[in-house]
């Protein structure tokens, strides 16, 4: 088994940090649904401003708010206005990489989804596992995307 990215929020802005809350990251559930991130799912967080890297779990905030709030100890690593990357992962076999289609959301000001991308692993002419990033923003209704199944 290998650990791979399953969903990613790339360039989302931290809207708050609550040191006194008991852990987690609070995210807009509409954003999570577009990417395929579930409540209580563990995610990795990488702070582009400071370089800090942490792991915590997701809880849902107000739908449509664009919220991205670090809670508890995580609040020490990310402050309001920091730009972060949030990645969900899963364990899978290399052969399943051909069917796994992770969604990556990029953001504009106010944490509005700018683009919807998809990672694609395919058999190339020179190697068994090749890689490309596809922009599916115009090809699919990003707001109507169903969460990505974690298990087959």
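Residue positions begin at 1 at the first shown residue.
Cβ coordinates are placed from backbone N, Cα and C, and glycine is handled just like the others.
Feature annotations, reproduced from Swiss-Prot:
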- 24: active site, schiff-base intermediate with substrate (ACT_SITE)
- 57: active site, proton donor (ACT_SITE)
- 56, 72, 73, 74: substrate binding site (BINDING)
- 24: pyruvic acid (Ser) (MOD_RES)
Whole-number Å value for how far the residue listed as 'active site, schiff-base intermediate with substrate' lies from residue 57 (active site, proton donor) (Cα to Cα): 5
Close in space, distant in sequence - residue 74 (substrate binding site), Cβ under 8 Å, 6 or more apart: 17, 23, 24, 25, 45, 54, 56
Cβ packing number for residue 73 (substrate binding site), 10 Å threshold: 12
Local backbone state of residue 24 (active site, schiff-base intermediate with substrate), from DSSP in three classes: coil
Neighbour count (Cβ, 10 Å) for residue 24 (active site, schiff-base intermediate with substrate): 19
For residue 72 (substrate binding site): intrachain residues, at least 6 apart, with Cβ closer than 8 Å: 18, 19, 21, 22, 23, 24, 56
Collapsed DSSP category at residue 56 (substrate binding site): strand
Fewest Cβ neighbours within 10 Å, where candidates are the recorded positions 56, 57: 57
Where the record names 56, 72, 73, 74 as binding substrate, the maximum Cα to Cα distance in Å: 10
